Amino acid sequence: MKMQTPKESLSERLSALQDKILDHYENDSKDINSQISYWQLIRLENAILFTAREHGITKLNHQVVPPINISKSKAHKAIELQMALKGLAQSKYNNEEWTLQDTCEELWNTEPSQCFKKGGKTVHVYFDGNKDNCMNYVVWDSIYYITETGIWDKTAACVSYWGVYYIKDGDTTYYVQFKSECEKYGNSNTWEVQYGGNVIDCNDSMCSTSDDTVSATQIVRQLQHASTSTPKTASVGTPKPHIQTPATKRPRQCGLTEQHHGRVNTHVHNPLLCSSTSNNKRRKVCSGNTTPIIHLKGDKNSLKCLRYRLRKYADHYSEISSTWHWTGCNKNTGILTVTYNSEVQRNTFLDVVTIPNSVQISVGYMTI
């Protein structure tokens, strides 16, 4: 029997792992043990990619093998999340609903970092008395953190005139400080805080409740979308105090008709597209020498797995791109572009293929 080469062995193991990862996306389980399993698979996936690069292998299953330092960093992050979830699974919160979005890396790193967070509402802060100079921040419904004694505890965030905070081990911990934000976005060192339809003055404080809560899925999408928002788009974000981040570099303009608690607009602003996500995903709104396409947008790891699995549906599409992203956008979020010979073929594809809930679908047309 012929012995497998290192590349063949690693390719086989990677394929099996990525099939299991995609199963997690498709099943969309809501128990904590499933999320622990998911992050273990992500760790093993990056361990394989790390090993491949050590052997000088630059491609596995048509997938580019990233540099060693990237695979190492991703593996360490996966271990961090896996260990945190294992600890949480031993707490009294283990029977709560835990989804991939609740335990994703983006929310874990969002302030307050190294905490799990669920739900959230928006607090609007207006600088210089100017309604057009507004920034928005998340007041989390639930923050899960490790106490000084190593026990997982749960609390709700509160908002005061001075910032957004939570009580940790009896101490007030601010994860957004409005004075620091005012130094970045204002000129007169004055600001107004509006939360839940109320204006909060220097002596007031309000805590998060269950009314008008934004889900973790919506928050993640808003965090992903924030880096591409224009100044007229009010995005939900929680920038670190004293640190400027690309997602919140410029003040947003806030209008009375803006929807802060609804699903984020998933339009991909691409001159090649004539339509995008809408109530009628398959409605053609342009004409000319175009071909039907869809954009699949989501986490790069899930897209790589999805691209691999789509090979068995090759009869239902014409071409599929590698994973790509817009310059300046969130590097963890990618896009796959799939082209079709006709609208009929595209409709069949959408009927036959199961797309994970974590992947956004944008339907359109592209000039050839």
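Including glycine, each Cβ sits where the backbone N, Cα and C put it.
Database features, via Swiss-Prot:
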type: REGION; residues: 1-207; note: region 'Transactivation domain'
type: REGION; residues: 227-251; note: region 'Disordered'
type: COMPBIAS; residues: 227-236; note: compositional bias 'Polar residues'
type: REGION; residues: 290-368; note: region 'DNA-binding domain'
type: CROSSLNK; residues: Lys297; note: SUMO cross-link
**Asked** To what whole number does the mean pLDDT across the region 'Transactivation domain' (1-207) round?
**Response** 92
**Request:** Can you see whether DSSP assigns the residue listed as 'SUMO cross-link' to helix, strand or coil?
**Result:** strand
**Request:** Using DSSP, break the region 'DNA-binding domain' (290-368) down into helix, strand and coil residues and give each count.
**Result:** 27 helix, 28 strand, 24 coil
**Message:** Using a 10 Å radius around its CB, how many other CB atoms surround the residue listed as 'SUMO cross-link'?
**Reply:** 22
